Amino acid sequence: MLFDALPRDNDRITPGIVHLPNWLSLQNQAGIVRQLRDIARTLIGTPFQMSRPQLKSGQMQVFMLHLGRYWATDPYRYVTDVGGHRVPPIPANLVSLASTALKDASLYDETLAPWATSFRPDMALVNYYPPGATMGLHQDLNEDSPAPIVSLSIGDEALFRIGGTENRNKPWDDVTLASGDVIVFGGPKRLAFHGVPQTRPGTLPEALRESCGLEKGRLNITFRQVELSVAYLWLPGRLYARRIEYPASRD
């Protein structure tokens, strides 16, 4: 595309939010796509096969794959097994990748720094956005730990929107996430409402298509630390809740 060659610098969007453009090499992106595709194929016919969750507000547009923990929706909570089937683990290379991304992000934001060496992701949520799919503004509140969220983007560009912690109203910060980008949010923005109001079909890099066969759409992998640990940090001025509101983007 026309402006692909223009540099995009690492940036602290606002305290608690760091954007790392082009953090994942094309080779790493392709490897992750192939790895997740293989995992998804092994889960066909199990409770964990990639599917579009049905919520009280409707069916989500994105397909989800759970690693480490399963996000149950009635009631909203994380579980480690479903019907006697253990949730598949997060591959060690992806755990390492997420930890390194957080370390890099912490160099640009002191509110992330306390987690730079103590982040222990135990849940990865893989979202596949078909072309044009969106996700409404929501909070991630089911985690016992207030550790930051680390999010990787592969495929089509997306507009990532993040607002305040009290409601979905403006002001928002909008960030374009391209293939290979990472965004991390934590500290004062850990409980912020966030979502993807727009994806941009046809912006997937041609080289990625050729190297791993991802033809269209967007993969987003978000890493969370669900369980409390000795690294637990208190979020000033707020009790940490255990409830999630995840509005569906209807078809």
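Just so it is clear, glycine is given a Cβ too, placed from its N, Cα and C backbone atoms.
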(request) Among His66, His194, indicate the single residue that TrEMBL lists for the Fe cation site containing His138, Asp140. (result) His194
(request) Pick out which of the binding-site residues His138, His194 has the most other Cβ atoms within 10 Å of its own Cβ. (result) His194
(request) Could you tally the C-beta atoms, other than its own, that fall within 10 angstroms of the C-beta of Asp140 (Fe cation binding site)? (result) 18
(message) Please list the DSSP helix, strand and coil residue counts for the domain 'Fe2OG dioxygenase' (120-227).
(response) 10 helix, 47 strand, 51 coil
